[in-house]
């Protein structure tokens with residue numbers, strides 16, 4: 001009983017510490033609008049500003065800083081591109097070499113990024129390009145290795161995955177904290193050196209609260225992971241150790257999978273145990289071994305393709321909004337710096353709510369999935385198809401949120417932007433959490449890291465369109481984003497069609 005209690009405590013510690021890690025570090029690049037305010041005040045890329053065309057000898061100098069805005073937007077474009085594009089190779093590293101190797105790489109990249117920013121100046125502003133890329137790649141690896149924590153909690157798996165994605169979204173508020181502390185006198189160098197020192201926290205989690213390889217699903221009974229101060233004897237087991245765990249998530253796994261394993265089983269033994277179990281089950285008369293779809297077949301399935309299109313359309317809209325928020329607010333506020341700062345802070349504060357919004361999507365998925373399974377069992381439907389159908393409501397809600405956010409963003413009235421900020425954080429939380437949960441449901445867990453990385457990497461190629469869109473806004477459209485913003489609502493029929501299409505059972509589904 002004591003061992004069971006310590007196991008539950010360790011899992012909760014893993015969950016909570018991972019939540020803090022994702023919320024404070026993983027996706028800080030998406031608080032770019034707040035960070036741009038600081039960089040401009042520190043005169044980064046100010047030499048790109050030129051005198052305005054209407055400048056006269058007796059008037060106040062009118063400075064055109066659109067080239068400065070373009071350089072800052074380019075940094076975000078490349079950083080957000082790397083955040084997605086590098087997810088595929090990092091996902092392969094995670095699948096191939098396991099959690100510890102992937103996290104050590106993530107910590108190294110993240111530390112390099114924070115050090116580059118800490119020692120950057122206006123004269124060396126160009127090092128922001130690699131710095132933000134390192135932060136992006138390191139951050140996506142951190143969340144990728146944390147999403148498997150959902151496997152520890154059985155029937156709450158989708159909720160945990162979306163919760164971590166919500167924490168990733170909320171981490172964009174870190175740049176707001178940096179902006180507020182900067183306005184109160186702290187230097188950029190001091191703040192980023194502190195973030196660098198927090199790498200010790202990541203190392204502690206890597207070795208003590210996460211496995212060397214992966215957390216399996218379904219979870220074997222008595223599964224342990226991470227370093228521990230005590231080692232149990234495998235030759236002697238008490239009555240309590242032999243009993244199945246009474247935790248609600250383990251009860252479900254035990255009932256659904258009927259897996260009986262050594263209570264001393266740890267993450268390094270799991271792969272061997274699964275192979276042995278498969279071999280034994282294959283020798284039993286009438287046994288039927290589960291066939292797993294190959295990675296190639298998953299990638300070339302229609303289901304994966306339409307999920308990619310669905311994600312790419314809405315992600316481009318979000319990236320364009322974040323990258324152009326500062327110049328858009330300056331345009332609406334007629335250059336009032338105080339007003340721009342107020343709305344920038346409001347936007348950053350709403351990002352904190354991402355961790356509260358994302359679990360709603362997971363709850364919708366988990367609850368709808370249980371209902372679909374109950375109805376499916378009555379109709380003789382496979383559990384896998386019931387799981388797939390449970391995603392339809394989540395996908396449709398995500399589309400409607402994105403359309404509402406785009407409509408509000410296209411209205412050039414400052415007070416309306418409060419509604420835009422709320423809808424944007426809701427849509428973004430549902431988008432990424434739902435995408436990760438959908439991939440974990442629709443495809444084999446063996447390929448999750450690679451498929452998640454591939455879909456994010458390919459969608460990153462589409463996200464590069466944000467830079468020409470930004471140039472279009474700053475050039476021919478004279479800073480008015482209306483005609484670009486209105487394009488997303490026009491894609492409503494396509495997105496809804498794709499969301500509903502994924503509800504139809506497909507033979508390509510595993």
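Cβ atoms here come from the backbone N, Cα and C positions, even for glycine.
Please treat TrEMBL annotations as automatic predictions, because they have not gone through curation.
The shown structure was predicted, so the numbers you read here are calculated from the model rather than taken from an experiment.
Per TrEMBL, the stretch carrying the note transmembrane segment among 270-293, 342-365 is 342-365. The range from 303-322, 423-442 that TrEMBL describes as transmembrane segment is residues 303-322. Check TrEMBL against the ranges 72-94, 164-186 and you find transmembrane segment recorded for 72-94. In TrEMBL, the transmembrane segment annotation falls on 451-470 of the listed ranges 231-250, 451-470. Here the transmembrane segment (72-94) touches the transmembrane segment (451-470). Their Cβ atoms form 3 or more pairs under 8 Å, with each pair 6 or more residues apart. Between the transmembrane segment (342-365) and the transmembrane segment (125-149), fewer than three CB pairs separated by 6 or more residues in sequence fall under 8 Å, so the two stretches do not touch. Ranking 12-38, 101-119, 125-149 by CB pairs under 8 A with the transmembrane segment (303-322) puts 12-38 at the top.
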